[in-house]
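Peer 1: Could you have a look at this structure, given as structure tokens, before my questions?
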Amino acid sequence: MKFPAHIFTLELLWCVLGPGVGIGIYFLTYWNWTSLPSGVTIAEENAAPEGRFVAERALYDLSVLTSRGPRVAGSETNERFAVEALLTAIEQIARQAAPAFDVTYEVQRVSGSYFLDYDDYPITSYYRNVQNVVVSVVRRGFFSGKYLLLNAHFDSAVSSPGAGDDGTMVVVMLELMRLLTQNVTTPTLTHGLLFLFNGCEENTMQGAHGFVRGHPLAQSVAAFINLDVAANGGREIMFQSGPNYPFLMAYYRDHVPRPYANTLGEEVFQMGLVPSFTDYETLSEQGGWPGFDFALSSYGYLYHTALDALETISTDTLQHIGDNLLELVRGLGSAEELGDIEKHSEGKAVFFDFMHLFLVYYTETTALIVNNLLGVLSLALVVGAVLMIVRKDGAVGTNVLFEAGMTLIVQTLSIALGAGLSVLVAVIFDACGRSMSWFSSTWLLFGLYFVPCIAGLALGPFLYAHFRKITFLYDQGRVLLFLHAQHFIYAVLLITLSIGGIRSAFVLLFPIIFYCATTIVNMILRFRLNVWIYVHLVGQLIPVIYFCSLTVTLFAVFVPMTGRSDNRSNPDLQMALFSSLLTLLLVGLLTPFIVLFRRKWYVFGTLLLMFLVTAIVAATPEGFPFRARTSPQRYYVFHQQRNFYWPNGTLRDSGAIYYLHPQDRHTPDLLQSEVPEWSAAQPLGDWCDRELYCGIPFYINRYHRQSGSSYWLPARESPNFPEPVMFRLLSRESPAPGRYRLSFSVQGPSHMSLYVSPLPGRKLVAWSFGERIPPSGTRWRDQDVYFVNFFSGSLELTPFTFFVEIEQAQIEQESSLLYLSVVAQYMHHDKVYRTQEFQNLLNKMPPYSHTVAYPGYLESWIF
């Protein structure tokens, strides 16, 4: 059988070779990202004369810490077992420390309150008897009086053993402490080290706040390193630094052997695009200290689930973290700047690593200068290259300038078309119920969203060159104009973003610097036919490698997060926009070569084939988003008792419900298709108009943001409460005309909350939870609303008395003043307290699901 000769063409070769090279580079960067040092065993530790981090010992410490299951703040496992386990390990380290080191430790019990100014849903966080384990390490005879603080939290999320979050960082700190106190041959530590093992992070970062406000050594802290995770393995990413004090990044650059840091991650996190908070904000804002924020970033599917267990953490991960932090702590532990750190507040830094081989770091001021100079140089080169086209081809200058302007318009429209096609696919897949098909099979993103964007980017130049025939430019000249147009767009964006203070504009430096370099070379070669093409392609190699690495990072971080966000927004839109941006950076300076292809349908046929194959696979079971043990679907199901009272103390409504809080786009559709009972679930509906915070005992008030997409079922059985709530009004006094002070007593489990909402015409002017009244959150019935998160640690659940003081404009005798709801969460109590009905409902959950389930209680009063 003979094939037509024209089948074997250069175009067909590029259609196979191009994607092949791109996929090869991507897998090379993925391999580089996943390659970690082998964990050092205890038997190997003596091989290094200055001591080396021993991952095997850290893993053993982790096995002890996780042996009792979840360490929820307030539980016996957290308040006793975890504290005792840490003290046992620390006592052994102190005994084995070299005589040159003074190691002291204590358990801090602290109470306090502070205000978290979250948009729409601010929180007053009140806590008592929170436990922290604090260790001071000082080199005798060298102590400057300043400390470097290392922080990790030993409590875990509900139902999670917390091996990754944050057991990994806790045991890394223990091993660092052991190594640093046993080796005197390493660089001398001129500053002290404070190891803060804080016992309450998952509940509004109260442990870190308690240390900042309640520990005497906090006054001597100069800088800190916060260690947390949002995943279960791989590399730790340094995603926040400062604020200000850019010298910190110089130490990171000079001391960390395998850097993984990016300004883009810092700005994305601080914009609120990541649904998470860390102790970094508390230490930075409450302590006023500069520092680093580290977190594990890969395989976040298991984060805050029961699958976050010991077996998910490898010694390679521990070794990588330990090696990096050991050198960083050694560097900062003798940093001259920490002696008088206020002298070194010089603005923010721009930083990024290249393939985890080295770090590039410079100040924001330097970035502004460099970016604008490069932007101006880029624009000048575009003008110079266009003038060269005029001279070389002998064309009329105005014709070439007009053509350059039209090319810029077409290239801009092509970018919009590419992004639009990706967004269109996202809308269609969501409408067909196939959103998140890439959640477990990330590779589907390339066919679904990268390929349509590439097609859009190529379609503009193709159509323009096809329908607008000109005689004064050869095809390669037209390609050059499209490339210059794309470079012009990059340059304008770089200047605009830099002036706007967006430090992440650095990503544009890769295409701009290398395009400038190849353009200068080609100008010297006078854009010799065919030769300039290869110069240009060689110049694109480094940018493509970097953006492949960036793609790996962004998808590793953000894809798992779409499984713990919301059901109101379409996550495919987010992935489509991410993919469009990455596609533009990856191939924006390659797609114009479509103009040179004689058989252009090969290119579009290849793209169409790739898209169709991916779309078909996405419609098969391979495209089902969730997997039982590796990427589960998350559910929050609560069995709740609610009691509502009239001002005279009589019940106006009462009942038990099952409340379903949404976590992803497929809630509740998949659940209703799998569990018949949930098909009868109802939206909260008018409950939100009738009752404060919809009459739901929310653990955190921002859950109310999703009340319009939450569901409930009536329950036949009331929940079992091992620690019932006892709430009563103690007194009602009038300290001044028009002012009323109401005193209350409340007792219940470790996790409680208060909703306070003065009636119209009334104003909250004082209370027990702070010296000032914070701003109201989202208003209800034209009333201010205040949320108090109230936590009791150390297993001490004694009654708590508090007061609220209300002022009303018009004096009325015995009038109602406010709504006050008391909420209790039983999140760490044994499963034996579940009712049979509740357990039966949970037993029917889909096999691919992970369910957080516990009882809750609310009683709402009008006083």
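Glycine residues also receive a Cβ, built from the backbone N, Cα and C atoms like all the rest.
Remember, it's a predicted structure, so these values are computed and weren't measured experimentally.
Among the features that TrEMBL reports, transmembrane segment is placed at 12-33, 368-390, 402-429, 441-467, 479-499, 505-525, 537-561, 573-594, 601-619. Under the heading domain 'Peptidase M28', TrEMBL lists 132-329. The domain 'Endoplasmic reticulum metallopeptidase 1/1-A TM' annotation in TrEMBL covers 422-617. The annotation domain 'Endoplasmic reticulum metallopeptidase 1-like C-terminal' is assigned in TrEMBL to 630-861.
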Peer 1: Can you work out which residues elsewhere in the same chain, 6+ from the ends of the transmembrane segment (441-467), have a Cβ less than 8 Å from its Cβ atoms?
Peer 2: 406-407, 410-411, 413-415, 417-422, 424-426, 429, 475, 478-479, 482, 555, 559, 575-576, 579-580, 582-584, 587-588, 591-592, 594-595, 600, 603-604, 607-608, 610-611, 613-615, 617-618, 622-623
Peer 1: What stretch in 12-33, 479-499, 601-619 has the biggest tally of Cβ pairs under 8 Å against the transmembrane segment (573-594)?
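Peer 2: Counting Cβ pairs under 8 Å, the winner is 479-499.
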Peer 1: Six or more residues beyond either end and a Cβ under 8 Å away: which residues meet both conditions relative to the transmembrane segment (368-390)?
Peer 2: 362, 396-397, 400-401, 404, 473, 477, 480-481, 484, 487-488, 490-492, 494-495, 497-499, 505-506, 509, 512-513, 515-516, 519-520, 523, 526-527
Peer 1: With Cβ distances under 8 Å as the criterion, find the stretch in 12-33, 402-429, 479-499, 505-525 that has the most pairs with the transmembrane segment (601-619).
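Peer 2: Looking only at 12-33, 402-429, 479-499, 505-525, the most contacts with the transmembrane segment (601-619) come from 12-33.
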